[in-house]
Amino acid sequence: MSANGSSIVVGILALQGAFVEHEAALRRLNLSKRLDIVLVRTPEELGRCHALVIPGGESTTIALLARLSGLLEPLRKFVVEKPVWGTCAGAILLAQTVENTKKGGQEVLGGMSISIARNGWGSQVSYYTYYILPDTYGSATQVESFEADLTVTGLTDPEIPFQGVFIRAPVVVELKPTPTDPPIQVVASLSPSLLPPALASPDHSNEPKIFVALRQGNHFLTTFHPELTQDDRFHDYFIRECVISQVANGNASPQS
Ligand SMILES: NC(=O)CC[C@H](N)C(=O)O
């Protein structure tokens, strides 16, 4: 419950991408009786929210649609004040800097002191390059999407691995918090030995784990898609750890 006893309003940015799946996952939580879920398409709808989920989809498109809907600047202000979870394309939008952007660059909201590479596992290949020119484009460029078990910490039942669904996912390339930023906490990582063969190098022994879920203050990112599984532990984590505690402390009131 929020400080004044009313329910907590969690928005899901619904301009493009997997917002319906996030809505279903949030409604499945036992906590959902206390949550009011809003699909956000206008600044007014954003203004009602205590917290926001930015879904996966296509980051450049989401940023463009946000600009066209008059949401880009309100979102930037929201990120400074309230809890936000970005999945995949949403994680790209939450990063401070983005590598491998489309020509023309990538607008970001910021919020997390990291650098992220778009399409970090390979770029989306067109029908032409995939089917007509397979010899020119090697197998590695075709493994832009895969599933792998993740090691999780801080979730309920941490001994149970989480099935990570990576769809043309970004890769976190650098954590760069300044001394005054909140520390960055690793919530899930991917062992290089669990990557599909075309992405794995022959010897993983010296390779560091790949960070795929990070929390910084009340912001959270996952480079994969928890909403495409029936395992709702990441949704539960965000609501419990990043939202309920913040709202209870009075740190995330809706904008006036
Ligand atoms: N599944 C996803 O959200 C993919 C992200 C996409 N590659 C992008 O650049 O935004």
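Backbone N, Cα and C atoms are what each Cβ position is placed from, and that goes for glycine too.
Binding site for L-glutamine per TrEMBL: G57, E58, S59, I167, R168, plus R118 from the candidate set R27, R118, R215. Within 10 Å of the Cα of S59 (L-glutamine binding site), the following active-site residues from the list C88, H225, E227 place their own Cα: C88. For C88 (active site, nucleophile), the same-chain residues that are 6 or more apart in sequence and have a Cβ closer than 8 Å to its Cβ are P55, G56, G57, I167, A169, P170, T222, T223, F224, H225. For the recorded positions given as E58, E227, the lowest number of other CB atoms within 10 Å of the residue's CB is seen at E58.
The CA atom of R118 (L-glutamine binding site) is located 20 Å away from the CA atom of E227 (active site, charge relay system).
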